[in-house]
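Please read the structure below before turning to the comments.
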């Protein structure tokens, strides 16, 4: 009897260690699959991403003398950029974007379930409203937590993508590459310059990621059932719809933060995100908050792909169900 008790006691730490190792292994796979899917999809959508940023920030570029006249639309922006800078320039800033997006998306996917468990809401026990709110909160918290670590890369990506050949300096660019963005910004504005627009970014990421993950997790078990369960196209379309809705809802905040980013290194800066929004509304009208939103919707295809591919790979490799 004593022997059995001793054996049972001795086996307890082993079982605990095994459980811990399994959890760590799952966390690692979540991290890697989310990151790889994100990197591939963002590279595929890089030309759309750059066009979106050029249209969104064109007024700041004109004020700084880096753009001669406004773009007439998505198609004209594509054509003009390719003609003036070459087709390869449509991927300008993509390296910084991949470096930023890999840890951001990977951390979002990896920590999403952990944040969800922290809220501890169950649909059957706590009701649909609390369960839905928990999904929104967990998605938002995951996005906001990772933003702090990668914001400077997002800033660098934005500056590189909007670094069109100068309209006043014979085609000269402002930055020579990723490292040059950091060097020049830090020299002119200090660390603060790399984090300009961080405030509205935090609010925007909570709104976007909260809806992005929260609504997808909530709608998945309702929509993707019966013949649609495990269907790649259905999963892709659901992800695209969620991405589009989330992007439109948070787009004005995205415009404000990127317009603030564009003033680092410039003589005139916005005193706050509120002041930035006020000036855009007064000088350019409400429509300016949504400049580039059309390209952003097209870019949403990449986000939908990340969600659906992630689900399919997990289902194939680990048998994880919706």
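Using N, Cα and C of the backbone, Cβ positions are placed for all residues, glycine too.
According to Swiss-Prot, the feature repeat 'Solcar 1' maps to 25-118.
Positions annotated as transmembrane segment by Swiss-Prot: 27-54 (among others).
Long-range neighbours of the transmembrane segment (95-119) within the same chain, counting only residues 6 or more positions beyond its ends whose Cβ lies under 8 Å from a Cβ of the stretch, are 27, 30-39, 42-43, 46, 49, 134-135, 137-139, 141-143, 145-147, 149-150, 153-154, 156-157, 160-161, 178, 181, 209, 213, 217, 306, 310. Here Swiss-Prot flags 95-119 (among others) as transmembrane segment, drawing on similarity to another entry.
Shown in sequence order, 138, 139, 142, 213 are the residues of the chain, 6+ apart in sequence, with a C-beta less than 8 angstroms from the C-beta of residue 112 (ADP binding site). In three-state terms derived from DSSP, residue 112 (ADP binding site) belongs to a helical segment. Here Swiss-Prot flags 100, 112, 257 as ADP binding site, drawing on similarity to another entry.
Residues 103-104, 107-108, 111-113, 115-116, 118-122, 201-202, 205-215, 217-218 of the same chain lie 6 or more positions beyond the ends of the transmembrane segment (128-148) yet place their CB under 8 Å from a CB of it. According to Swiss-Prot, the transmembrane segment annotation covers 128-148 (among others).
Among the features that Swiss-Prot reports, repeat 'Solcar 2' is placed at 130-222. Look at the repeat 'Solcar 2' (130-222): DSSP puts its residues at 73 helix, 0 strand, 20 coil.
Taking Cβ pairs closer than 8 Å, the transmembrane segment (198-219) reaches residues 108, 112, 116, 131-132, 135-144, 147, 151, 154, 238-239, 242-243, 245-247, 249-250, 253-254, 256-257, 260, 272-273, 303, 307 in its own chain, all 6 or more past its ends. Annotation source Swiss-Prot lists transmembrane segment at 198-219 (among others).
Per Swiss-Prot, repeat 'Solcar 3' is recorded for 230-316.
According to Swiss-Prot, the transmembrane segment annotation covers 233-253 (among others), on the basis of similarity to another entry.
Note on the motif 'Nucleotide carrier signature motif' (257-262): DSSP counts are 5 helix, 0 strand, 1 coil. Sequence annotations record features per position, and here Swiss-Prot assigns motif 'Nucleotide carrier signature motif' to 257-262.
Across the region 'Important for transport activity' (257-262), the model assigns an average pLDDT of 97. The annotation region 'Important for transport activity' is assigned in Swiss-Prot to 257-262 on the grounds of similarity to another entry.
Annotated transmembrane segment per Swiss-Prot: 293-313 (among others), in sequence order, evidence recorded as similarity to another entry.
A count of other CB atoms within 10 A of each Cβ picks out 257 as the most crowded of the binding-site residues 100, 257.
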